[in-house]
Amino acid sequence: MKNINPMKTHAWKKLQNHFFDVKNIYIKDFFCLDKNRFANFSVFFKDFMLIDFSKNRISSQTLKLLFQLAQECYLDDAIKNMFLGKIINKTENRPVLHVALRNRLNNKIILNNIDIMNEIQIELKKIKCFSESIIDGSWKGFTGKSISDVVNIGIGGSYLGPYMITEALKIYKNHLNIHYISNIDGTEISEVLKKINLETTIFLIASKSFSTDETISNANYLKKWCILKTNYKKYFSKHFFALCENIKTAINFGIKYENIFKFWDWVGGRYSLWSSSGLSIVLSIGFKNFESLLYGAYLMDQHFLHTKISKNIPIILALISIWYTNFFNTETEAIFPYDKYLHVLPEYLQQSYMESNGKSIDRNGKLVTWNTCPIIWGSTGTNGQHSFFQLLHQGTTMVPCDFIIPAISHNLINDHHKKLLSNFLAQTASLAFGNINKDIMNMNLKYSSENFIFSHKTYFGNKPSNSIFLKKITPISLGSLIALYEHKIFVQGVILNIFSFDQWGVELGKTVANNIYNNLFKKKKINVYDCSTIGLINLYKYWNRI
């Protein structure tokens, strides 16, 4: 990829001038100027998704300049390089090929003179055979009973992706109970162990390196606990499986080779749900539905790769986000799925965005002088309306939002979904248009009890949002939605000249934590850290009588 400072492009300078021309224009004015704004500022994807970006503080000229910015940053070349398997993760010297995992036409993808699609197909067949044997009951535990429960042990991408998908597609769930242990917190393990029968439970240890401290600490405890409780040394070989790249370490841990489902170093952790790391997804919804999930992502991949920039959904949404973070200086973006099945989506996207683009060093190794990644947060609607929407409507901070809803609900109870949709539409309209006209906004009303109350009930509007309208939540539509966000994040990283596929920012905390951990066992008082950390460590020891 080209290492271009975006602020030095011609488009960026034009955008700065353009910003001063449009910053005081209200969204309602854009609609008045263009009676076809909805049609002109929305894109259909296949027959199951519509992205409406008309309620943004942008004009056609804004988009034109943003497209020019993308071209000056050689975005098209970067996209092609990712799909071709070029090394774009420079700090780890790796290609980035999660798109290969959902290459449903099985086109050749050559890496180091090897067609990696052959390896992917072999692993998919293994996943298919294993998952079907668990689901149909032919796989037996150590006492000859079929499996009823699956425990996925993993953190970060080895947890958030699979958990988000299994929740989102719960309507497709079979009889198996899926549990997740992610945190290194004894409470989490204890609560899961209360729910399972060891005779009918399998454990999936999901860690790319098979060395993640939280995951391996939890796996070690469960390994010893299960053998102790069952008094059967062979329990481990019948009930424990590894999802990893580091096969040697998994074998040394005690996992049988045939119980290892592998993925590769060119699959980033937060993109690993498409790989064997998503085995818990397959066990929850079945292999055919998992294939549909992959197909949905593949459809978005093809759209991203082949669609012209003016109709390319991930590119458009990425550029609008850059417009807000760097010209309006917004600091957060919110994700609001109006469907309970998508309740984990904001947390999942929080990791996807912030671990990918939460960087302050550019691809030239220099400190950036522009904004990179907003803070991502969100909640399901309508719960959020009764929590923090007050700030969105009347606060001093502008928060660009994505609203997501299916037109067809899986659970038709009375007129609930119509009411849910009404709230969805009301929020996007109210945020955009408010409830008063510009003349009243600019008036200095004389004090009266009536005016006093009126001022507190005003909604100025002009708060931007995107509406993502799904026909229905299915494996295909969900796959497309997740891939859309993946590519949006990639586009932002390319244009903002940062590396989106590493996460060095998490390493320092791990190193310091290991050092502190070793000192927690020493009886003498600690004085090798700052006074705050020392005080907290010594109080911990006092309360625990160490």
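Note: Cβ is positioned from N, Cα and C throughout, glycine not excepted.
Feature annotations, reproduced from Swiss-Prot:
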- Glu355: active site, proton donor (ACT_SITE)
- His386: active site (ACT_SITE)
- Lys510: active site (ACT_SITE)
Would you pick out, from the active-site residues His386, Lys510, the residue whose Cβ has the largest number of other Cβ atoms within 10 Å? Lys510
Might you list, by sequence position, any residue in that chain lying six or more from Glu355 (active site, proton donor) with a Cβ less than 8 Å away from its Cβ? Gly156, Arg270, Gln503, Gly505, Val506
Rounded to a whole number, how many Å is the Cα of Lys510 (active site) away from the Cα of His386 (active site)? 37
Can you tell me the three-state DSSP label for Lys510 (active site)? helix
